[in-house]
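If you check TrEMBL, you get these features:
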type	residues	note
REPEAT	109-143	repeat 'PPR'
REPEAT	210-244	repeat 'PPR'
REPEAT	311-345	repeat 'PPR'
REPEAT	384-418	repeat 'PPR'
REPEAT	509-543	repeat 'PPR'
REPEAT	610-644	repeat 'PPR'
DOMAIN	825-915	domain 'DYW'
Amino acid sequence: MQYPRLSVRLGPPSASALSNIPFDKGSVLFPKSKELVGVRKRRLKRYSSLLQAFASRGSVAGGRAVHGHLLRQRVELDLHLRVSLLNFYAKCGSPAVARRMLDEMPQRDVVCWTAVIAGFVSKGCGKDGALLFSEMIRGGVRPNEYTLATCLKGCSACSDFLLGKQVHSQVIRLGWAADSYVGSALMEVYAKCGQMELARSVYSSLSKQNVVLWNVMLNGYVLTGDVDEVMRLFNSLKESEIQFENFTLSSVLKCCASSGRLREGRILHCVAIKVGSETDNVIGCSLVDLYSKCNEVVDALKAFSRIKDPDVVTWTTIIACLDQQGDGPEAARVFNIMRQRGLKPNLFSLTSLVSAAGNVGHLNYGKSVHALIYKYGHEHDVSDIMLSNSLVSMYMKSGSPHDGLQAFDGMRKKDLVSFNNLLLGPQGPQVLHHMLSWGLKLNDSTFVNVLRCCIGSENVSFGRQVHTLVVKHNMTRNKFVGTTLIDMYAKIRCVDEAVLVFRSLKDKDIFTWTTIISGLMRCDQVEKGLKYFVLMQQEGITPNENTLATCLSGCSQIASLSSGKLLHSMALKAGHLWDTFIVNGLINFYGKCGSIEDAETMFKGLNSCDLTLWNSMICLYSHYCQGQKALAAFRLMLQEGILPDQITFLGVLVACSRIGLIDEGKMHFESMGETFGIETTIEHCACMVDMLGRAGKFSEVESFIKEMKIPPSGPIWEALLGACEMHKNENLGERAAERLLKLDPEEASNYILLSNIFAAKKRWDSVKEVRGLMTRRGVKKERACSWIEIEGTVHVFYPQDFSHPKLAQIYVKLEELGKKLILAGYKPRTEYVLQNVSDSEQKEYLHHHSERLALAFALMSSSYTRRIRIFKNNRICGDCHEMMRMISDIIDREIIIRDAYYFHNFRKGVCSCQGSSIQDIMLEIAPSSMGV
């Protein structure tokens, strides 16, 4: 009789397939001949093979179908088939079923026990496996090396040191202490439990040492974080005759990555290149991880590019790297390349992409990634806590709290991270209240997120309440919480509290120092911020590009040229001049310190310019009253193929306003929406009002305001009031001032502008009324002053100043300059003295304006350069403007004055207000990357 052959398949066998195996029940149960016995053995062997195949494939349904068929046919199982069934259930995640079958077996050998123990261990039930091992010993079954190693793996999985020691005693008793396989498992137990001395003693007792044992030792020290010992062991391995594997090198690289040991990591990179393993996926992935965690993104990308055929894990690593470094757009670009190469993203790459979308705050892109999760069949994984937390965080950061709450409500399981992410939304205070009422244990991320919520909402009182919670939870010295507290207090201008929190921190890193420096500068305490910058370096902390950019911004505020040049040299030495923020900071610094030529030199030396850099130059030219250069830069930018944004057009419109190009200004204003699709803001409309008002076209101004799509607000009326002051249009000026004083009654400049209009018309009663209104409302005008920096020291001057130690010499110098001016034809323009005093007193007022005192002091200083830079906190008057223009020609010195609005560059009797040929200017300002 011929029997059909059983084939091994991936899925469960059909009923027809199993029924094709004929059974003669009488023959199976009561064999009558040797032939039938042989048939029975072959049949049982085929069942065993089928069960082994299903076990290796992990096909639970297939194995259960075979078992059910055996039960229905009442097949008598031999020992081999019973072991196959045990092995199937153990490997397919049903060790409890395997255990019941083991109890029912008439004969149980070491193989049966080992199979069930392995099942429990593989499911993570190491202690259950160890208990079964004890039962086996009590039953008189002698374990072999595989049983011992399996039991030890269970001890390692549950990190049970005492249980491991007990098994170790059995290893010694049974004579397996010198076996490498068992020894490796023993070492892993001790290494996992942090007992490295015991692991080393086991290693020393082994008769044969190989690379696997070295790997166990290295991994043990990796777990304890002992990088020095890891490196020492690895060097010993290199010197021995044992050839290390890529896995070994990968483990050591991971240790360097987790501890931030970049130097040692670079050494290992050299070793990888030397042995030809750099392009290996495992090594390449470890190198990417190393450079990512050490903030070396460029090196991470280089390591990634050298991998010949990166798998999805490697792609995910570089995407996560870019996300962690805050480069969400680049992470999205790399993800798209991965998809184009036909690789299907896994759950981790999608999670990193969701995080990247949240960090850039791009809601539509985040929703697209959310849709991709479903497209790639991960809809059931949306309940995965890591992915769900990323989705909640993304929606909260992208300004869509409703979607964030929906994602949160859809989570089957929530942890503290889930609630912490909810704190990022506008309902942060309420969420924190619920967390406290539910008794959730708060961590540092809880406080960081809720403090950020306070910063966004400017809820000062709630922020102080959170600070008390920080104290109550003993987290005042946590550097992450402390840094966020500093940031919160600085942003609500509570500088003293920010400094107190900073001083209470023991562990201050570069981010903490940068936060306090930035906070002080934001609160107009630049000199104190620079002192903290010096203290930071004295503490041995090297400034990064963010710190340098922050300090450059501060130097721009106070126009400290010497401090800024020192920062420039530090950035050059540290190799930060490739960083866009640093370069942009330097361009703005030099521009705001009156060194437009240095700003141009920086700009022209760049190999490539982004929109931010072009915007900086366009706006600087506008503020230097070099409108033609600003427009030339705009044209060059368009030739480069760079599209403008709202900031670009602000600079362009200011430029047109300064040089009176009304028609061109109108054309650019209209092109914003029609050509470039850019929405106009109130600031753009204010530029148009200023442009038309400067030209005296007040009827057009009124028509423009009436036709505006945006309701007119403060900037519109301020621009109109300034134009009315220039043209002494008191009627329209009064109307504009009335609107302004209703909108912003605390702003002193609005009262001053209106007062000046009345003073110009000699309406002294009206002037008195306006100033009386200021007094009644408690509005104080900032005292006018000018300052100049000489040899690193800033000298401040006030009108009618009698406090300077060199006052006598300054007035002598002023008298000397006055005589030269009179000989050159200067006549004081007393109409700019808006005081009800005599003519002689008016001339005296003009003679002692603060910028003139600063000029005289600069000319007295022998160390001062040919270029004189003076800075003012208010607008330069027309008489001082004329005086500076004439003096620049008389003394043959360049004078640069930065007032509250613009720069004025006086050279050889000409101010920068005057223009040049547009073609010549375009050639002059083009960066080196352009072939013009």
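Placement of Cβ uses the backbone N, Cα and C atoms for every residue, glycine included.
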| Could you count the residues of the domain 'DYW' (825-915) that DSSP puts in helix, in strand and in coil? | 36 helix, 18 strand, 37 coil
| field | Long-range neighbours of the repeat 'PPR' (509-543), counting only residues six or more past its ends (CB under 8 A) | value | 479, 482-483, 486-487, 489-491, 493, 495, 498-499, 502, 550-551, 553-555, 557-558, 560, 563, 570, 574
| request: Note the mean pLDDT of the repeat 'PPR' (311-345), expressed as a whole number. | output: 87
| DSSP residue counts for the repeat 'PPR' (384-418), split into helix, strand and coil | 25 helix, 0 strand, 10 coil
| remark: Secondary structure of the repeat 'PPR' (610-644) by DSSP, residue by residue, totals 26 helix, 0 strand, 9 coil
| request: Give the residue counts of the repeat 'PPR' (311-345) per reduced DSSP state, in the order helix, strand, coil. | output: 26 helix, 0 strand, 9 coil
